[in-house]
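Participant: Dumping what TrEMBL says about this protein:
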- 12-36: transmembrane segment (TRANSMEM)
- 48-66: transmembrane segment (TRANSMEM)
- 86-103: transmembrane segment (TRANSMEM)
- 115-137: transmembrane segment (TRANSMEM)
- 157-179: transmembrane segment (TRANSMEM)
- 186-204: transmembrane segment (TRANSMEM)
- 337-356: transmembrane segment (TRANSMEM)
- 363-380: transmembrane segment (TRANSMEM)
- 400-417: transmembrane segment (TRANSMEM)
Amino acid sequence: MYRTLFFIPHEFAGIPLFGFGWLLGAIVLYAIAITIFSSRDPARRSELYSTLGMCAIAAVVVAVVFPNVEIRNQAGEPIGMAIRGYGFMMLLGVSAAVGLAIVRARKYGMGSETIMSAAPWLFVLGILGARAFYVIEYRDRFEHESMLQMLRSIVDFTRGGIVVYGSLIGGFVGLVLFCRRHSLPFFRMADIIIPCVFIGLFFGRMGCVMNGCCYGGRCEPSAYSMQFPKGSPVYEDQARSGDLLGLVVDWGDSDKSDSARLGKIVEVVPASLAAEAGVEPGGEVRIQLERPAPEDADLTLPIDDTSGLGIAMFVDGKTYRWKADQLPQQANSVAPAQLYSSVLGLVMAVLLMTISPWIRREGVLMGIGFAGYAVVRFGLESIRSDEPGQFGTGLTISQWVSIIVFVGAIGLLIYLYRRPVKTADPTTVTASP
């Protein structure tokens, strides 16, 4: 796990980088310089207006947006902006996907400029769809005291918090809109892009490994298991569930993020922290994470850093507490679901590119890709433990969506094979202005 690649400090030489500081000053100086330079040539006036418009947008982002998403310490003071491993891998995934799409486009009679024009549509709507899916699914986690805090948590997705199916839905909508706007053949574009989506998935799931999210269920330590350190989502979840303490608890249908939930102790693992404290099965338990006292807090750490949290456990009127230094340094072993998903994404991309020369009907490759991913995702969900069952069943929301996607993909393939064969026109197609 490597959540933060590097950290941009809040200030330099006593002056903030974000807000009304160094970056905003640099933008203003650039705008002044470009205005003076362009004013000498009237032909550059339209270009100047466009550049100044971009400077204005950048200034608003630096002065308003960045200060509100800047990381704060335990005392609520801004300490800087983290460049996350998850966001970096997302960027690599997008770059690799676009590069591959440009190569594939030539084989389908499409120009590279068409892919470059389509990329922003797919990326922006894909990210919006992925984040919206997550926010809707976990809407309780975005309830805050103020609207500003809620919006800040919604837009901060660089540490995780996006759903692959949401990105597929958003990207699909983006591709439909782009093709309609530029009068392009949708199915041909979809066949070009679908293997590239799984290249993006390969990098994206590696980002999940770096972030410590989307993990698998508990398993015995082995060469095929993973352990994540303090501060990781799996460590926090195991602390909340009692697993880290050596408890097996029946929590019923309660939300794992609810600190007030009550459960029944089913089993106490021998030689565990709970066993050493004298906890016995059968009791009613409540577990919550505790921050250190203000005088003991490390003000260099972000407020969302959970590595310094302790555990308070309440069992039948008795209170048990463990400080951070009394807890294990690593979470219990879990199945490497992220690695499985990453490798399978790469395998699907290679398979789709391998069979594409033999498929004559436009849209079939997309249908195969969607159907294949639905099957893979349904199976992967069975080894993950970070998603609850939905609609009174043991199936997660992603498994339900997988069923819908699989049925839709099969229906699409049936429809396509009932149509007359339509092969790609070898003439290069570009997006109309």
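Cβ from N, Cα, C; glycine included.
Keep in mind that TrEMBL annotations are predicted by a computer and have not been checked by a curator.
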Participant: Could you pull out which residues elsewhere in the chain have a CB under 8 Å from any CB of the transmembrane segment (86-103), counting only those six or more residues past its ends?
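Facilitator: Residues 3, 5, 112, 115-116, 119, 123, 158-160, 192-193, 195-197, 199-204, 206-208, 210-211, 213 contact the transmembrane segment (86-103) from elsewhere in the chain.
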Participant: For the transmembrane segment (186-204), which partner among 115-137, 157-179, 363-380, 400-417 gives the most CB pairs under 8 Å?
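Facilitator: Out of the listed stretches, 363-380 contacts the transmembrane segment (186-204) most.
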Participant: Which range wins on Cβ pairs under 8 Å with the transmembrane segment (363-380): 115-137, 157-179, 400-417?
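Facilitator: Result: 400-417.
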